[in-house]
Amino acid sequence: MTSKKLVNSVAGCADDALAGLVACNPNLQLLQGHRVALRSDLDSLKGRVALLSGGGSGHEPAHAGFIGKGMLTGVVAGAVFTSPAVGSILAAIRAVAQAGTVGTLLIVKNYTGDRLNFGLAREQAQTEGIPVEMVVIGDDSAFTVLKKAGRRGLCGTVLIHKVAGALAEAGVGLEEITKQVNMVAKAMGTLGVSLSSCSVPGSKPTFELSADEVELGLGIHGEAGVRRIKMATADEIVKLMLDHMTDTTNASHVPVQPGSSVVMMVNNLGGLSFLELGIIADAAVRSLEGRGVKIARALVGTFMSALEMPGISLTLLLVDEPLLKLIDAETTAVAWPNVAAVSITGRKRNRVAPAEPQEALDSTAVGGSASKRMALVLERVCSTLLGLEEQLNALDRAAGDGDCGTTHSRAARAIREWLKEGPPPASPAQLLSKLSVLLLEKMGGSSGALYGLFLTAAAQPLKVKTSLPAWSAAMDAGLEAMQKYGKAAPGDRTMLDSLWAAGQELQAWKSPGADLLQVLTKAVKSAEAAAEATKNMEAGAGRASYISSARLEQPDPGAVAAAAILRAILEVLQS
């Protein structure tokens, strides 16, 4: 089945993509009649070396994203994953020559089509008297035995754009730039890994992977890698990648060893989430530093993609101080990250958290029996929520993201771990305050915030008294805080409906002679009835409010959970 793509036409997608980038970047211009983008200040480069690169489209932001002062002068784009035409490459060379540049360096990735087409254009330009040199970048570290075709050009090419751009901006000559770039390219390696393939517009995926497989050592055109490995953790995959690309028996290895200083590039191949990218980056930093490697700079982001491929590549470039100055040199290229010119390794990454204020002894605290009873109540609440996990998740799938049960179970497990540390405070105010902090930190989601608000506010009236009227006032305070910040009201089909119904019954505690269990029993029954009634309500707040009420045929999971918590508290007190 052909994949879906947001394009106007398959044939015109490369032109449209380049036109969009130029339209939004006043520093770029299109070369009329060609799929070529150039610096709009081309005439300012008189007397300096021009840098041209390019290749197939589909690798965005490469290559046009790296045009700018201190990087590329221009790029020549082909169709998706297709080398650009010789005529367009030659037109770009002529354009920069006419602007008064003293020579042109072509930076080409090592693929047959690119070598041929850029090479042919270079030969033609030289016959016209234009000084042109060409460097072919092969930074792929996938192949243990090198074949005649050599190493493929991958994301490390972007670092070559940066180094060459800094040299050209400094006024270095064509021959010297070519020499230095060739030296830098030999001290670099890249390895890719992907969870699945990509698909060229109008085509099917380029290869298939089973659910438990990962492709190692693949290129940037959807081609398969050198081998398939079983799905593993991010730490394990990163270790495998670094082991492979630094193995001295690997003919395409990068010579990184303990004591080496490197620029590390973590490149999103197009479809990986930022969450995963951060996890991979963390794993790479820990793994490299664990090997005694100094990370002088870390670049994390999307630099050279393969359409929507969900994978990453790691690039390591051995550096010294002169090379780092070139990496750090200023550039206006929009896709180059704003990286601090300081070493990653050796930097203090953590700040000590401020100590929690010492709590004053609470005069309302009673003996150990109260603490034991509170522990029993909390344990019953935890077991209740854990038992409801699947039911709450099922209810939440109708109107949310299906994690209400998981969120409540996370809270239950956090409370159980906390109880293992020692008996809970005997003071109700301190207990609620502690639970508030715990849930805000461990529970997560809007539920964690709402429970935290409720408990924080409810604790205040209990600091002075713990009588039944004080508990009723605590319920009132908690409900008021939830409404103030959560913006829900009774009848909006949220957890507030259950708690509000219970709170109305607990008003009876404010009357002289009120019975604890009798009133609490009525409150629990009202909460359960309110929870059941939410299935007939139209959602007025929360995620469910974005969904048609016709789809909400089950009670609100938050309301069900709140009622279940109150029922668990009642059962322990009755026993």
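Every residue gets a Cβ built from N, Cα and C, even glycine.
As recorded in TrEMBL:
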DOMAIN    9-336  domain 'DhaK'
BINDING   Gly56, Ser57, Gly58, His59, Lys109, Asp114  substrate binding site
ACT_SITE  His221  active site, tele-hemiaminal-histidine intermediate
DOMAIN    372-571  domain 'DhaL'
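The two recorded residues His59 (substrate binding site) and the residue listed as 'active site, tele-hemiaminal-histidine intermediate' have their Cα atoms spaced 9 Å from each other. Rounded to a whole number, the C-alpha distance linking Lys109 (substrate binding site) with the residue listed as 'active site, tele-hemiaminal-histidine intermediate' is 12 angstrom.
Less than 8 angstroms from the CB of Gly56 (substrate binding site) sit Ala77, Gly78, Ala79, Val80, Phe81, Thr82, Ser83, Pro84, His221, each of them six or more residues away in the same chain.
Around the Cβ of Gly58 (substrate binding site), the same chain contributes Ala14, Val80, Phe81, Cys198, Val200, His221, Ser305, Ala306, Leu307, each under 8 angstroms and 6 or more positions distant in sequence. Within 8 Å of the centroid defined by the CB atoms of Gly56, Ser57, Gly58, His59, Lys109, Asp114, the record's substrate site, lie the Cβ atoms of Gly54, Gly55, Ala62, His63, Ala77, Gly78, Val80, Phe81, Thr82, Ser83, Ile220, His221, excluding the listed residues themselves. Averaged across the domain 'DhaK' (9-336), pLDDT in this predicted model comes to 96. There are 29 other Cβ atoms within 10 Å of the Cβ belonging to His59 (substrate binding site). Just so you know, the Cβ of Asp114 (substrate binding site) picks up 25 other Cβ atoms within 10 Å once every protein chain is counted. Fewest other C-beta atoms within 10 Å: among the recorded positions Lys109, His221, that description fits His221.
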